[in-house]
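Trainee: My questions all concern the structure below.
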Amino acid sequence: MSIQENVESPQYPGDDTRPTSKRELAGWYCYGWAAEVFVVCAMGSFLPITLEQMARDRGVLLSDKTTPCSATWRPPLPPPGSDAPVYLPQVSDGGQCIIYFLGAEINTASFALYTFSLSVLVQAVIIISMSGAADHGTYRKKLLIVFAFIGSIATMLFLVVVPKVYLLGGLLAIISNTCFGASFVLLNSFLPVLVRHHPSLKESEEVASPDDNVTGPRGDPLFSSTGDIDRTNVDDSTPLLGPNREAGKTSAATITSLELRLSTRISSYGIGIGYIGAVILQVISILVVVVVRPPTFSLRLVLFLIGLWWFVFTIPASLWLRTRPGPPLLDSGGKPLHSWTGYMVYAWKSLGKTVTRARQLKDIVIFLAAWFLLSDGIATVSGTAVLFAKTQLNMKPAALGLINVIVMLAGVFGAFSWSYISNFFNLRASQTIIACIILFELIPLYGLLGFIPAVQRVGLGLHQPWEMYPLGALYGLVMGGLSSYCRSFFGQLIPPGYEAAFYALYAITDKGSSIFGPAIVGAITDRYGEIRPAFVFLAVLIFVPLPLMLLVDVDRGKRDAVALGAELDGIPQGSEYGAISDDQTTEDPIEE
């Protein structure tokens, strides 16, 4: 059986083997355009500020635990037994503010952090529970649309949340962030499917004549004629020797190389398109915050606009994306399973099986360990930098918003340019990620230069507000590369047919890690009274993933992934990929 026949043969009943269309790719890009604004504009800028501001409007100064932080309300009496002084009718714009929750004192800034941590926990549970339904049957697209609409509506509802019910704002933040994370896991699970059925890969599996090139998106050559691989596009999976012309077909290793490059290209375009949308809405949001009064209402209005953007642009994405069903999940009687309880049980059992078989996926384990630390560093640097700029460089909200715009513009440039940079310097995918890590390391190291007296005397080492702008550009450039390359690189290590489950693990690793970094930075700040000493921790956190990435072997990881996928599907190791025997079941039956 030829490779072409293998690719076109359905792997299970209902398998959609149609080539990926431009309309389908447009739908995938469109959802990135729709939802990326939430994580960039809402989570990265205005949602934490809104939560803190609403809590501040109901809080009191930490210094005396009585003076209101806002002039719009009179606080209740302190809890019994408190030694706080009698209420004084004055308002302070500065100082630390606290709220009382279940009798405990909570800093208004911590309120947003606790909300985010709780949303990460809920998000992890939801992602794991729905991964079975996303991998099997026709639920992948349906779940993406449901989570998108619920999350966008929850974001729009901030318009009616007033400081008096700021806890409702926390609940809406948990719902919206959870739905965003779940929907993006589902979106990521489409990526390997779109790549697998892309027309350029189907063409590449046929014999390539010496005068013809197989081209990828926008006419860029993916590889030269058979036996003469384009050395500017060599990556981890490219064989040392060109494919045998006598074999009459492209080698499997070359196909892996093409898949990796195509996946990286599509992922980069998706990230870049999402950043472009985020830049546009971020500029609009800054104008709204500057023009509209009072400040709390302007922030809520911005969140409404973010939710509206997410909602509106999800509609064309829902129309253009194909369902792309996964293999049916069977009950103990061999019939398709329709119970949501059964799907959830299966999802958690699958996670357990995946963890127990982790020793067979050595490269995924190494990569996820590196990604755990790296994603924690990404999230922690972002939050720490904003807090540092506000508290120690005394930068105003408009200036902080401008930093975010610069970060996004650099991110767009990075998402589109890193593939060309890696080709120019002949870098493999893993080497490109390592280059991004090295550049990322420069940010905390530059902050640590501020401890050196000679550097302090010339006003460098993050002692002046203008220094935040070039560092923001560097951060955005690195993020554009890491976001696209890490996502597509991980996709090549996933067992075929289990995209949603493994991308759920990717998302859990990504989001779950961000609980620890901010907490440690907070503890260091409490210990030393300033944020700068935390740059030592950040430098270590960013450096450790570098040697781990050097250990990842994409060829070995791909082989292990295919072997594990065959084992999970119950396919004999000697059978041809894509063939369906009469007595083959797609999954181990489970009790409903």
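Using N, Cα and C of the backbone, Cβ positions are placed for all residues, glycine too.
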Trainee: Pick from 5-25, 572-592: which range has region 'Disordered' per Swiss-Prot?
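Mentor: In Swiss-Prot, the region 'Disordered' feature sits at 572-592.
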Trainee: Could you tell me whether the transmembrane segment (364-384) and the transmembrane segment (167-187) are in contact, taking contact to mean 3+ Cβ pairs under 8 Å with a sequence separation of 6 or more?
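Mentor: These two segments do not touch.
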Trainee: Does the transmembrane segment (301-321) reach the transmembrane segment (398-418), going by 3 or more CB pairs under 8 Å (6 or more apart in sequence)?
Mentor: no
Trainee: As a test: from 31-51, 271-291, 534-554, pick the stretch that has the greatest number of Cβ pairs under 8 Å with the transmembrane segment (108-128).
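Mentor: Selected stretch: 31-51, with the most Cβ pairs under 8 Å.
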Trainee: In the same chain, who gets a Cβ under 8 Å from the transmembrane segment (143-163) while lying at least 6 residues past its ends?
Mentor: 31, 34-35, 38, 42, 50, 53-55, 57-58, 70, 72-73, 130, 133-134, 169, 172, 175-180, 182-183, 186-187, 296, 300-301, 303-304, 306-308, 310-311, 314, 317-318, 321
Trainee: Please report, as numbers and ranges, the same-chain residues at least 6 past the borders of the transmembrane segment (534-554) whose CB is under 8 Å from any CB of it.
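Mentor: The answer is 235-237, 256, 260, 363, 366-367, 369-371, 373-374, 376-377, 380-381, 384, 429-430, 433-434, 437-438, 440-441, 443-445, 447-448, 489, 492-493, 517, 520-521, 524-525.
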